[in-house]
Amino acid sequence: MSVLVETTLGELVVDLYVDACPLATRNFLKLCKTKYYNNVLFFNVQENFMVQAGDPTGTGKGGMSIYGQLYGEQARFFDDEVRPQLKHNKKGLLGMANTGPNTNGSQFYITTRAEDLEYLDGKHTIFGEVAEGMDVLDKINALFVDKEYRPYQDVRIKHTYILEDPFPDPELLQVPPESPKRERPEEETVEVRLAADEKLDDDEGRTEEEIEKSLREKEAKSRAVVLEMIGDLPDADVKPPEEVLFVCKLNAVTESEDLDMAFCRFGPCKSEVIRDSKTGESLCYAFIEFQEKSHCEEAYFKMNNVLLDDRRIKVDFSQSVSKLWNKFKRRPWEKHSKGDGDPYASEKRSRLDVGKNLRLKQTGRQGDFDLKSGSSQQVIPP
C-alpha cells in the first residue's frame, strides 16, 4: 500500500506497513485523502538523524489524528503499535512522532540514517518506509537550519496521492472535491521564510564564462577582506594606483637610474629596483611611478618586451597598494619624513610586507537533539 508525497524539492513514494500497523497506516492514508498534509512544512530537520512534518501549525505542538477529526477531542491521539520485528535500523523509515506512550496524532518523521537509532525502538510506531525518492530525502536532509532546526527555506508537502488504500472510508469522513488553494495552512503560526520555490542558485541562466568571472571576483574580494582584517590593506575596496608600472625579468645589474633613463622619455617618473633586505642584491623586478596616468599607459604599451641590459623585460600595471597603505599606517621600521607619500621627495622607499596565511578552523558536529511533537517536545538522548 503506497502513497506518493509531492514536496517542493521532489517526490517521495512511501510503502506502508498496513498489516503490522493498521491504526497508524489508516490514520496516515485518511489524512492524505482529506488533504490534511497539503502545504504543511518540514519544520524539524536534523541532519543525518531525521526530518519531521505533519503539523499544520509548523511549531511541532499541533496536529490531530483522523480519529480526532471524526470523533472529537477525546480521540485526538491513538495508541502505539510498537512491533518487535520493526526496528530503527535503516534510512527512510516512517515513524509517528509523540510526546509519550499512546500520544500519536498527525506528526511523523523520516529517518535519514541507519545507525545508532536503537534508543527509538519501543517508543515510536514505525509504519512505513521510503521506497522511491531517496535523493529527495537527501535534499531535505541537507537544508540549512536555524538553532531550532527549522530550515531557512520553507520546504512543504505540496500534494499527497494515494496509490492504493485497503481501508474503507468511515461514514463521517469528508473528502474535499479538490486540493485546497492555499500557500500554507490556515493554522500555521510560524513566520514565512524563503519561498519554497524560490531559486537560490545565483548561477542559473548564466554562461560558464560569466560564472567563472564571478567566482574570480568573489575570491579576490574575500582575499582583500582578509588582508584588511590582518592589517595589510587600509580598506578591502582599495585599488592600486593607476600611475605605477611593475617591471620584471630585469638583469641583476640594472639599477634604478637605468630605468629612470629608459622610461623618462614618457614623462617624469621615479624608479625603484627591489632588493633583498639582507644582501642588497637585486630581486630582478621594479616599480616605476609616473606623475600622469597617460604617461604610465604610454610606457606600458611601448616598453613591454623591450631589450634592456640584454634582458627582455616584462611591463604590466602594478597591483601593489603599499604606497596607499603608507598614508594610513606606518610599520615600526619605516621612517617618518616631511615628504612621506611623495615618491619624488625622498630616495627612501618602503618595502612590501607580505602577510602570512590565515586559516579558519571547522568546529565539530553536534549530535542528535530532539524530536518535536504535541504540546511539548520530547528530548531524545543521542
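Cβ coordinates come from backbone N, Cα and C, glycine included.
In TrEMBL, annotation is done automatically, which means it is predicted and not curated.
The domain 'PPIase cyclophilin-type' feature in TrEMBL is assigned to 6-162.
As annotated by TrEMBL, region 'Disordered' applies to 168-190 (among others).
Under 8 Å from some Cβ of the compositional bias 'Basic and acidic residues' (179-190) lie the Cβ atoms of residues 35, 38-41, 43, 56-59, 62, 150, 156, 159, all in the same chain and six or more residues away from its ends. According to TrEMBL, the compositional bias 'Basic and acidic residues' annotation covers 179-190 (among others).
Residues annotated as domain 'RRM' in TrEMBL: 243-320.
Among the features that TrEMBL reports, region 'Disordered' is placed at 333-382 (among others).
The feature compositional bias 'Basic and acidic residues' is assigned by TrEMBL to 334-356 (among others).
The compositional bias 'Polar residues' feature in TrEMBL is assigned to 373-382.
If you average pLDDT over the domain 'RRM' (243-320) in this model, you get 89. Sorting each residue of the compositional bias 'Basic and acidic residues' (179-190) by its DSSP state yields 0 helix, 0 strand, 12 coil.
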